[in-house]
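Contents: one structure, followed by commentary.
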Amino acid sequence: MEESWLPCGEVNLSTPLNVTIRPINLTLGFIVQIFKAQVNEDKGLRAKDVALPVFWGLIVFFGVVGNLMVIIVILKGRQLRSTTNVFILNLSISDFLFIVCTVPFTLIIKLDQKWIFGDVWCKVMHYSQYVSCLLSIYTLVVMSMDRYLAIVHPLSSVRYRRVRYASGIVAGLWPIILLMMVPVLLGAKVVGADACDLGYLVIPESKNCLLFNSKEFVVVFFALAYALPLLAIVIMYALMLKRVWTRVGLGVMNDTSRNKSKRKVTRMIVVIVAVFGLCWLPLQVYLLVQMVDSTFGREEWQQVLLYVANALAYSNSSVNPLIYAFFSVQFRRSFMQVFPCCFRSRPNKVTSARPLPSVPDRRSGAEKPDNTGTHVTDLTLDTEV
């Protein structure tokens, strides 16, 4: 899924960038230094060469900061009693892994046009990329299953929709996916420009960190990491929608706080799934077309399309924290409580709920505050319903 997945043959690429790489410090400052060096070396810089480091730098920044904040907020919540929170924690860890282990190195490859980190990290980068992608989509699958049970089988599923069961499912996902992606760990390696004859898709540069070009692997990964999981999710939400419509027709649907909580969490998960599908669709289609047509990728517009497809796919790991914050008032409150230094101008909205007007004490004639307000102390996107 790297940009270096281009057909062997006469690929019309720009002249390799002459950037001197010193000992690596993988920070945004290092990325900016490389970009400045590239600007000085190449006065005829194209629009995509300018936008690429800026956009990918934003992906790294918001992906690392956003997902790390989500992880901290959930772990610091003392009353974590939600299966949804367990799955969101796993999704944030997966996104954080993807951002840290993949995006900075891929950006440096795009700027310097060669791999400088050795064979071991080449394997680690590809392996972590595919593992985190599978973890994300199958976490969304189990989140959708949790919503399905809550909506379609609300009573019979109560005993199974517990934090300990959700934690067990998440713990089971990791070893299964780690084993599934062992072929990636074995197939990724640093190769030279003569590797076209060995079955690798390469850019004709000195060294590249690439994955063995197997059409069967591309098809299997598309099915397991995109098509089949999304199909299962669509089916589950179709059944949920049918159930909701049936309840509305029978007049049994009500607007209790519990039902509102269910619908709100369900809408949030639908948005997360839709964003995942839309972000990864262009890159998945690009790889399938490239597998069928070995000449695809030689034209300039096709290379630009790959830039955009990669950027969209990688940005998915950065937008999920924004979705959590948008859909959950509890998340925003918990975030402000964990990081009060960021919201010093509005402490009254962070530390406690807004107090209600005082009510008179009939016995003493004095006024006393109504203590019915509550204090939200943790991130709870939904209750155990």
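Cβ atoms here come from the backbone N, Cα and C positions, even for glycine.
Features of the protein shown, as given by TrEMBL:
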- 54-75: transmembrane segment (TRANSMEM)
- 66-324: domain 'G-protein coupled receptors family 1 profile' (DOMAIN)
- 87-107: transmembrane segment (TRANSMEM)
- 127-145: transmembrane segment (TRANSMEM)
- 165-186: transmembrane segment (TRANSMEM)
- 217-239: transmembrane segment (TRANSMEM)
- 268-292: transmembrane segment (TRANSMEM)
- 304-327: transmembrane segment (TRANSMEM)
- 350-385: region 'Disordered' (REGION)
- 360-370: compositional bias 'Basic and acidic residues' (COMPBIAS)
Based on Cβ pairs under 8 Å, which of the stretches 87-107, 217-239, 304-327 lies most in contact with the transmembrane segment (165-186)?
87-107
Between the transmembrane segment (268-292) and the stretches 87-107, 217-239, 304-327, the largest tally of CB pairs under 8 Å belongs to 304-327
Under 8 Å Cβ-Cβ from the transmembrane segment (87-107), and at least six residues away from its ends along the same chain, one finds 2-3, 26, 31, 52-53, 56-57, 59-60, 63-64, 67-68, 70-71, 74-75, 117, 121, 124-125, 128-129, 131-133, 135-136, 139-140, 142-143, 146, 166, 170, 173, 272, 310, 314, 316-318, 320-321, 324, 381
